[in-house]
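Peer 1: Sequence annotations record features per position, and here Swiss-Prot assigns active site, charge relay system to Lys139, Ser214. Positions annotated as active site, acyl-ester intermediate by Swiss-Prot: Ser238. The substrate binding site annotation in Swiss-Prot covers Ser214, Val235, Gly236, Gly237, Ser238. Sequence annotations record features per position, and here Swiss-Prot assigns coiled coil to 32-63 based on sequence analysis. What Swiss-Prot records for 1-14 is signal peptide, and it gives sequence analysis as the kind of evidence.
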Amino acid sequence: MIFYLVLLVLGAIAFYVHFSNNRKKLIERLEIVAQRRRDDLSKNVEQARKAADKLDTQRRDWIGSLDFEQLRDELQRGHVTCVEAIRAYFHKAILAHEKTNAVTCFILDAERQAEELDEQAKLPYYVKPPLFGVPLSLKECLKVKGYDTTRGFVQDAYHPATEDSIQVEHYKKLGLIPFCQTNVPQSLLSYNCSNPLFGTTTNPYDSTRTCGGSSGGEGALIGAGGSLIGIGTDVGGSVRIPCHFTGTAGIKPSKMRFAHRGGGASVPGKPLIDANDGPMAKDVKTNVEFLRNVWGDIDFQSDRDPYCPPVHWNESVYSSEKKLRVGYYIDDGWFTPTPALQRAVLESKKHLEAAGHTVIPFYPPRLPSVMQLYFRAVCLDGGQYVLNKLLKDIIEPTIRFQVTLWMVPVWIQRILSYPVSLVFPRMGMLMQSLTRDTFELREAYADIEAYREEFVGLMMKDNLDVILCPASIMPAPQHDIPSKVVSGVSYTCLYNLLDFGAGVVPVTAVSKSDEEKLINEYPETDKWYQITKKATLGAVGMPIGVQVAAPPYREEAVLRTMREIEIAVTGK
């Protein structure tokens, strides 16, 4: 018996040594690739700088001062050429990149596309598309022919896409010119923005704090003035959290309002909770103009992806003068947000009431159960798909907690969850989230379907059009905090689980009064609350947004509500 135990121990040691040696060699090879990619980015930035410098400084600064509508109109009139617009935004994006490390690649082909559009515009029969020549930034995971989509994995560098995604193809048809790609967290399953290939992207308001994720590069670039309109993706808040952290506006549509054929996913094969593209901009009205044109021409996507229904832009909903019924909440029952986020919702409530809308309390049911269902449906294989990919790569330090959790067998997590629950109930609950077998997975899917019915039933009972709520649990925290507070996505992931359209609009900033309330009133009942409280200290001046959500195919009602809040806050 002892002999077999010794053999078992020796075998385990031998396996560990073999695994460690192989991984060390792998990391050494990947470090060379990562350094090469970073060197290539430096050269790429300099090429973009040379292109930008071809434009007269005064002209460049004037073009850069135009807002989205002004630039679009100047391009339509021919007062600004497409090449001038691209060179101006190469310059602006370089400045933003130097401040935040937001860009992973400048799409140098943008100049060629701009030249072609300018040549076509000279033809007497040519009709300019509605977004002719407007520069467009793209999250790095979106497929652009000839460019990488690594999702922060070193192993995927130098594997460029062979064709544009349907959406990118559509954006080009509308006249938009993709001019750069922006940074993401490794695997996309985090609300920070760091990876071993391109490093950490910082918040334009405070470099010690994160810009959010996973569309963090977009949030940082737009927040720093480097782009007028960009495209992110969102599977748990990846558009909305960066918008909230960086003082920008964006929306995650319901799943089928954009085509998915030929796209990619952070975790393929999760049918009930899937990512969708979503626009991000400095303000809501830019998002509206973008979607009005994209959804006005949605047949382009539907013809190429039969699973994308031809649901056109509904101007009657967006422009309706009928007063809305709005349900609101400032605490979801799972994670109490810090004072500034609650204040932002209450101020938005007053703005909507002043506009004549009815705003009543709404209580989302059973959020603790929802958090379990969300993580179970996203990590439907217990995290093994992402874990297997990470074990073949350099692992980003800010996601090591998730990696450690995925490496622990589910049955061990279940056993450990009971003693953990005695001192840290919420962590104990999340440790029971991952599925053990297909029976539990089927149960989870059934529970999600039942929850959707329950939620919309409550909305219909009160005849609600939209929901108003916090965008997150806190303002932008330091870069290491998202990995320590993985459950901080409850306010956004709920609407991925429901497949609602949901957007974020900036409303206010953290005040000294908010910080005093944080110190004196914010709970410290468990480790997550303690971390959140500490991370929020010193955040005075950081932007705060609110979230608006509505059932599928009612994104125009979401945008209308967001726009009314924006007008009340900014006066324009």
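Numbering starts at 1 and runs along the chain as it is shown here.
Glycine too: its Cβ is placed from the backbone N, Cα and C atoms.
Describe each of these features in terms of where it is and what it packs against.
Peer 2: Less than 8 angstroms from the CB of Lys139 (active site, charge relay system) sit Gln181, Thr182, Val184, Ser214, Ser215, Gly217, Glu218, Gly230, Ile231, Gly232, Thr233, each of them six or more residues away in the same chain.
Following the DSSP three-state reduction, the secondary structure of Ser214 (active site, charge relay system) is coil.
Secondary structure from DSSP puts Ser238 (active site, acyl-ester intermediate) in coil.
Within 10 Å of the C-beta of Gly236 (substrate binding site) we count 27 further C-beta atoms, all protein chains included.
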Peer 1: The record lists Ser214, Val235, Gly236, Gly237, Ser238 as binding substrate. What's the largest Cα to Cα distance among them, in Å, rounded to a whole number?
Peer 2: 9
Peer 1: Enumerate the residues of the same chain, Ser214, Val235, Gly236, Gly237, Ser238 excluded, that satisfy the criterion Cβ within 8 A of the mean position of the Cβ atoms of the recorded substrate site; list them in sequence order.
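Peer 2: Everything else in range on the chain: Leu188, Leu189, Tyr191, Gly213, Ser215, Thr233, Asp234, Val239, Ile241, Ala275, Val489, Thr492, Cys493, Asn496.
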Peer 1: Around the Cβ of Ser238 (active site, acyl-ester intermediate), how many other Cβ atoms lie within 10 Å? Please give the count over every shown protein chain.
Peer 2: 35
